[in-house]
Amino acid sequence: SVAFKAGVKEYKLTYYTPDYETKDTDILAAFRVTPQPGVPPEEAGAAVAAESSTGTWTTVWTDGLTSLDRYKGRCYHIEPVAGEESQFIAYVAYPLDLFEEGSVTNMFTSIVGNVFGFKALRALRLEDLRIPPAYSKTFQGPPHGIQVERDKLNKYGRPLLGCTIKPKLGLSAKNYGRAVYECLRGGLDFTKDDENVNSQPFMRWRDRFLFCAEAIYKAQAETGEIKGHYLNATAGTCEEMMKRAIFARELGVPIVMHDYLTGGFTANTSLAHYCRDNGLLLHIHRAMHAVIDRQKNHGMHFRVLAKALRMSGGDHIHAGTVVGKLEGEREITLGFVDLLRDDYIEKDRSRGIYFTQDWVSLPGVLPVASGGIHVWHMPALTEIFGDDSVLQFGGGTLGHPWGNAPGAVANRVALEACVQARNEGRDLAREGNEIIREAAKWSPELAAACEVWKEIKFEFPAMDTL
């Protein structure tokens, strides 16, 4: 037998395996690697594979007590990034046994927990993950999914409409409830707590829940439609979060909300399990995502966070607008929107999808378009996102010159007009403005909204390019 050979050896001798055939059960990752000058890409890719699986900086005696071949991550392919001098895409395969079942927390701790501070790399970005069915099947996934949500709400054949209540901080619970009522009464399906509304001195959570529940029931009785308000259950401890979710269920409201990145995946998964068991829909806000996903060469792409959310659980998630005030490049946004909604997504590098992803039968998540959108955007949004989406107009509802309810009316009229035009076979991309103008002729509320926002544009070149 060979004696134990101490010392430091190059990662690529063990962890760079270009001949490796990936298994159907492997978790595959695509990293954008920017090595330090003088570090060959193979070594950098192998270093990532090693440090995010079984390796450490030196050979250890206890390596002899396990089978590295069975457990090590492998960098199995490296390709240069077109148009970038020193960037490479490194593909890494991880054996399934490295991960705890049903834990997004553990998956991220393993894959991205340690390697991002690595000295041999100037920068590192996780672009995409392939989650094998063998792993995704250990998760509950979204509490209900798209079809069940439509059945609960009895709303079919169109996108859903929402509105974030503004000013986001400072309203009393009673005035907050009033704004909720006016929006729902005007024709919206949902209103939403802002992500930073938790339980502050000016409005404690229990007061808000009570007033919002009253607003929901009153609006439902008057419109004959099912209404909802995303009650933000995010809290400082998991116990407090569950307490809020339980109170929401006792009030009989249809939906609660959670900030899944700031709240953490462990808390989110617990809440998702509770929501399925108790018939609550779960709206997910992605506060803090840009800290992780905005840099092009470091961090994680949002499509990875979106996949993680589908596993951890949520029925809605914010996913950019393509047209409003926040970032989002069209093809790339549509790429992860499909990853949220569809069962099977083909690899398509033009949309940033590095791997074919088969979700089997995991329920889908509704993408939420929100941020700086208004009635003039409605045709584009209807065309880009299709029926299975939630369109959220915060300022685009509450900023209406006549008040909240007319603002809601304007949005609902615009949406119904766009859906009808599309169903009649008209081209929303080309005739969008015309469709809105026609509808405005018989809806004074819409006409007023059109007048206010006719000049507003948030035009900056998008940063998320391929």
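Cβ coordinates come from backbone N, Cα and C, glycine included.
Listed features, source Swiss-Prot:
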type	residues	note
MOD_RES	LYS5	N6,N6,N6-trimethyllysine
BINDING	ASN114, THR164, LYS168, ARG286, HIS318, SER370	substrate binding site
ACT_SITE	LYS166	active site, proton acceptor
BINDING	LYS192, ASP194, GLU195	Mg(2+) binding site
MOD_RES	LYS192	N6-carboxylysine
ACT_SITE	HIS285	active site, proton acceptor
SITE	LYS325	site 'Transition state stabilizer'
Cβ packing number for ASP194 (Mg(2+) binding site), 10 Å threshold: 18
Residue among the recorded positions LYS5, HIS285, ARG286 whose Cβ has the most other Cβ atoms within 10 Å: HIS285
Spatially closest candidate among LYS166, LYS192, ASP194, the listed recorded positions, to ASN114 (substrate binding site) (Cα to Cα): ASP194
Residue with minimal Cβ packing [other Cβ atoms within 10 Å] among the binding-site residues ASN114, THR164, SER370: ASN114
Neighbours of LYS192, ASP194, GLU195 excl. site residues, C-beta within 8 Å of centre, Mg(2+): THR164, ILE165, LYS168, ASP193, ASN196, VAL197, TYR230, ASN232, MET257, HIS285
Nearest of the recorded positions (LYS5, THR164, SER370) to GLU195 (Mg(2+) binding site) - Cα to Cα: THR164
Residue, out of the recorded positions LYS166, LYS168, LYS192, HIS318, whose Cβ gathers the largest set of other Cβ atoms within 10 Å: LYS192
LYS5 (N6,N6,N6-trimethyllysine) and LYS166 (active site, proton acceptor), distance between Cα atoms, whole Å: 65
10 Å Cα neighbourhood of HIS318 (substrate binding site): matching recorded positions from LYS5, LYS192, ASP194: none
Cα-Cα distance linking LYS192 (Mg(2+) binding site) and ARG286 (substrate binding site), given in Å to the nearest integer: 14
For THR164 (substrate binding site), the three-state class that DSSP assigns: strand
Distance check against THR164 (substrate binding site) for the recorded positions LYS5, ASP194, HIS285, keeping those with Cα within 10 Å: ASP194
Surrounding CB atoms that lie within 10 Å of the CB of GLU195 (Mg(2+) binding site), all protein chains: 21
Rounded Cα-Cα span from HIS285 (active site, proton acceptor) to LYS192 (Mg(2+) binding site), Å: 10
For substrate, whose listed binding residues are ASN114, THR164, LYS168, ARG286, HIS318, SER370, the greatest C-alpha pairwise distance in Å: 37
DSSP-derived class (H/G/I helix, E/B strand, else coil) of SER370 (substrate binding site): strand
